[in-house]
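Database features, via Swiss-Prot:
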REGION    1-83  region 'Esterase domain-1'
CARBOHYD  Asn13  N-linked glycosylation site
CARBOHYD  Asn48  N-linked glycosylation site
REGION    83-297  region 'N-acetyl-9-O-acetylneuraminic acid binding'
CARBOHYD  Asn131  N-linked glycosylation site
CARBOHYD  Asn176  N-linked glycosylation site
DISULFID  Cys197-Cys239  disulfide bond
DISULFID  Cys216-Cys303  disulfide bond
DISULFID  Cys224-Cys276  disulfide bond
REGION    352-637  region 'Fusion domain-2'
CARBOHYD  Asn382  N-linked glycosylation site
CARBOHYD  Asn539  N-linked glycosylation site
CARBOHYD  Asn590  N-linked glycosylation site
TRANSMEM  618-638  transmembrane segment
TOPO_DOM  639-642  topological domain 'Cytoplasmic'
Amino acid sequence: AEKIKICLQKQVNSSFSLHNVFGGNLYATEEKRMFELVKPKAGASVLNQSTWICFGDSRTDQSNSAFPRSADVSAKTAEKFRSLSGGSLMLSMFGPPGKVDYLYQGCGKHKVFYEGVNWSPHAAIDCYRKNWTDIKLNFQKSIYELASQSHCMSLVNALDKTIPLQATKGVAKNCNNSFLKNPALYTQEVKPLEQICGEENLAFFTLPTQFGTYECKLHLVASCYFIYDSKEVYNKRGCGNYFQVIYDSSGKVVGGLDNRVSPYTGNSGDTPTMQCDMLQLKPGRYSVRSSPRFLLMPERSYCFDMKEKGLVTAVQSIWGKGRKSDYAVDQACLSTPGCMLIQKQKPYIGEADDHHGDQEMRELLSGLDYEARCISQSGWVNETSPFTEEYLLPPKFGRCPLAAKEESIPKIPDGLLIPTSGTDTTVTKPKSRIFGIDDLIIGLFFVAIVEAGIGGYLLGSRKESGGGVTKESAEKGFEKIGNDIQILRSSTNIAIEKLNDRISHDEQAIRDLTLEIENARSEALLGELGIIRALLVGNISIGLQESLWELASEITNRAGDLAVEVSPGCWIIDNNICDQSCQNFIFKFNETAPVPTIPPLDTKIDLQSDPFYWGSSLGLAITTPISLAALVISGIAICRTK
């Protein structure tokens, strides 16, 4: 009889790298970073496709005769817009003669504004004011501010009002022989006698608590009045000083101008200029008092429900060549906390005409077709990696990656994986031992693995008191790290909110502080990943060793009396009794099926956090898929000895 010894033998050479961790070690043919750095895509996107709304004009209007060539967005995104060609929120607020008057209204947690160009210097709107840019800036800023605190908003295009009997609607030559719809101009006929100057105007208007289906907790109202350079300009007929003042129901002044107590400009000019201040007023009844001759009456508002904080994105709205634009939208967004601004880098060049269908703008707005994990002033990200090469500029919302250097991201073994025989001798009760951040806090420790030669693996029975990290303890370690990170981030967020309150007057200080905190969090997260990497390697090592034990047990069971296990992973077999086909059945499973191995280990960790700063939030989806199927047998050779 000829007896031979068949053993499982390691296949490790110089191409393998050794990964030492507490609890178990691995040889691997490759390694990869736990995460790759992501690069934000320029432009706008949204966190949730079901909770956003847009306000636009002809560049987003599906009813435009040149659509889709006239559009800067896809047909899918255009469905989200409340748009009408020629319209803008400010045009609907003031209603200058001959301009589009569209009822803007809608609801959404995230509001995108791509409008404003239709009221610009090219529109040449006069009505007692040659340049409306500063009023437009304040109007857009107020819209963005209130929209960020509301779920729904709507134009209220008809306020209830009471007008004095002696006043009648007036017109102006410099307003196309008409006047604005808001404010409306009312005049009194005054005889050219000093003693007959007319009566003081007393009017009333009511801001509703609801407009249609839209709840109104706060209204944006334009308080407009004339500015005279001198008393003589207004007082040509000897009728005193000019005043136009708005009072609330308690008699408190909330807006307007009173030249009875305030000085005139002192400039030289014969024509007054109209000024409009943006007031945020609660629903209720208000009174307007004005000097004889003229009354400017608020007749419209924008109403906001103020129900929840939300996100606001403003898109630069400018003309193509040959038309003069302003940059009020840009300036308004940049001066509104939390507003994200989308800006072009090149002149507007349209496809349908010079002013509609710009390719760069289409690219910047293409992200509105998708859901992003993070949106920021630097762009949007939909990858799951928690790291980016450059710091993302605020404002930012969602699960935003932190800035990190590529070389600082831990690497994990990949490719062909083979466990070693090394164990962490400092761990005596693996089933009750939990690895976590406390291991680093209590004190640093270093585990030296001393092996003969290049190393390998050990097959055999595992004792309860043996070293190594069990799958159960690794999973508990993951859970503990997750909880530690949650506590750390929650405390950090609370601290940030308090600091924001204390230094809210210094926006740059907030930005600097936030950057420092983000850098610290990035370093902390990289440290956490180092721990997670160690747990992963230990978990995989134990899993592979379990697979080898299962393989050895399966071989012993298949052999029955034909082979005798003389040591872990080695069997003696009688070559005359068990021929090649018999051996193939036992050791190669008839060469018809792969060697049974454990399924891929679940190494997915999902760490969530509370909102970050300025409404933002940070989260991680740490996913390290490691496929172990068929890897164990590919790293093992059948060694025969006689």
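Backbone N, Cα and C atoms are what each Cβ position is placed from, and that goes for glycine too.
A gap of 46 Å separates the Cα atoms of Asn382 (N-linked glycosylation site) and Cys224 (disulfide bond).
If you take the Cα of Cys303 (disulfide bond) and the Cα of Asn131 (N-linked glycosylation site), they are about 26 angstrom apart, rounded to a whole number.
Cβ neighbour count within 10 Å across all protein chains ranks Asn539 highest among the glycosylation sites Asn176, Asn539. For Cys224 (disulfide bond), the nearest of the recorded positions by C-alpha distance turns out to be Asn131; the candidates were Asn131, Cys197, Cys216, Asn539. Here the glycosylation sites are Asn48, Asn131, Asn382, and the one with the most other Cβ atoms within 10 Å of its Cβ is Asn382. The two recorded residues Cys216 (disulfide bond) and Asn48 (N-linked glycosylation site) have their Cα atoms spaced 25 Å from each other. In this structure the C-alpha atoms belonging to Asn539 (N-linked glycosylation site) and Asn48 (N-linked glycosylation site) are separated by 36 Å. Recorded residues Cys239 (disulfide bond) and Asn176 (N-linked glycosylation site) have their alpha carbons 28 Å apart, per Cα-Cα distance. For Cys197 (disulfide bond), the nearest neighbour among the recorded positions Asn48, Asn131, Cys276, judged by Cα separation, is Cys276.
Here Asn48 (N-linked glycosylation site) is positioned 37 angstrom away from Cys276 (disulfide bond), judged by their C-alpha atoms. Counting neighbouring Cβ atoms within 10 Å of each of the disulfide-bonded residues (Cys197, Cys224, Cys303), the lowest count belongs to Cys197.
If you take the Cα of Asn176 (N-linked glycosylation site) and the Cα of Asn48 (N-linked glycosylation site), they are about 45 angstrom apart, rounded to a whole number. Ranking the disulfide-bonded residues Cys216, Cys239, Cys276 by other CB atoms within 10 A of the CB puts Cys239 at the bottom.
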